[in-house]
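Engineer: This is the feature table in Swiss-Prot:
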- 2-245: domain 'ABC transporter' (DOMAIN)
- Gly34, Arg35, Ser36, Gly37, Ala38, Gly39, Lys40, Ser41: ATP binding site (BINDING)
- 257-280: region 'Disordered' (REGION)
- 260-269: compositional bias 'Basic and acidic residues' (COMPBIAS)
Amino acid sequence: MFELKNVTRRFGKKLAVDSVTLAIAQGQMVGIIGRSGAGKSTLLRMINRLQEPSSGSVHFAGVEVSGLRGQALRNWQRDCAMIFQQFNLVPRLDVLTNVMLGRLNHRSTLMSLLNIFTREERVHAIAALERLGIEQTALQAAGTLSGGQQQRVAIARALMQNPKMVLADEPIASLDPLNAKIVMDALRDINEREGITVITNLHTLDTARNYCERIVGMAGGRVVFDGKPSELTAEAVKEIYGTDKDGAGIDETMTSTSLESKRRAEDVSSGRVAKAAAVH
């Protein structure tokens, strides 16, 4: 069981995360949604201990993660893999080496400093790349890959950590619909095949509905919705995202990752432009 207990984070006078309490069972796939600035990324960074809570505590399997130091903290960051929107790869290193870097917290300091990897680690890394369908890129410099390929390398690196939990911070925000689907399929496969808890921040409602068994909605740093996708009503969406300047609710197709929804959104946008042009 993973728990957040009244977790708060302040940046000066700004309250980024406000008294968040959640309990997540092992093996769940949870999507966190909300507008930019809602506190989603700050929340994940506190879970991984990249940032410290101003108050409250984080617990996993009965251990207070927010109190860990030294090797115990490094062990937690090994067990709690993090995937970022901007991939966080080393561009000049080849893909295989980038993936094997996921083993750093499993190894001695000397071997880590010298970047010496065992044959078993290389085999494991290639298997992770094969699972993500990008084994052919193993010897390419990571910086030469497309955004979708780089994100799959980041997922393969996370797998190398043998994590108990995977945190994905806006993993598809910069990807086209096809690559977004590939990345989300990979995260769901990890969740279903290994039973690993996956918590992912998403800016697209349809993605959260299609991939996550539980959705948490944040607004102004607080949790304003926590439930199944089927419970995410228009009223709940309005509470999470608010309304536009004309008082209308959010159009889910405008933030969709699906190809069909993208086309519908573009049609709607084109229609608005044409209408505005006709008025003028």
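Including glycine, each Cβ sits where the backbone N, Cα and C put it.
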Engineer: Reduce the DSSP letter at Lys40 (ATP binding site) to three states and note it down.
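Structural biologist: In three-state terms, Lys40 (ATP binding site) counts as helix.
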Engineer: Counting all other Cβ atoms within 10 Å across every protein chain shown, which of the binding-site residues Gly37, Gly39 scores highest?
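Structural biologist: When each Cβ's neighbours within 10 Å are tallied, Gly39 tops the list.
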Engineer: Between the binding-site residues Ser36, Ser41, whose Cβ has more other Cβ atoms within 10 Å than any of the rest?
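Structural biologist: The residue with the densest Cβ neighbourhood is Ser41.
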Engineer: Give the sequence-ordered list of residues that share a chain with Ala38 (ATP binding site), lie 6 or more positions from it, and have CB atoms under 8 Å from its CB.
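Structural biologist: Looking at Cβ-Cβ distances below 8 Å from Ala38 (ATP binding site), excluding near sequence neighbours, one finds Met218, Ala219, Gly220, Gly221, Ile240.
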Engineer: Using the recorded ATP site (Gly34, Arg35, Ser36, Gly37, Ala38, Gly39, Lys40, Ser41) as reference, state which further residues of the same chain have their Cβ within 8 Å of the centre of those residues' Cβ atoms, listed in sequence order.
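Structural biologist: The surrounding set, listed in chain order, is Asn201, Met218.
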Engineer: What does DSSP say about Gly34 (ATP binding site): helix, strand or coil?
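Structural biologist: Where Gly34 (ATP binding site) sits, the three-state DSSP reduction gives coil.
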Engineer: Around Arg35 (ATP binding site), how many other CB atoms lie within 10 A of its CB?
Structural biologist: 15
Engineer: Which chain-mates of Lys40 (ATP binding site) that are at least 6 residues away have a CB under 8 A from its CB, listed by sequence?
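Structural biologist: Correct list: Ile32, Ile33, Gly34, Asp169, Glu170, Asn201, Met218.
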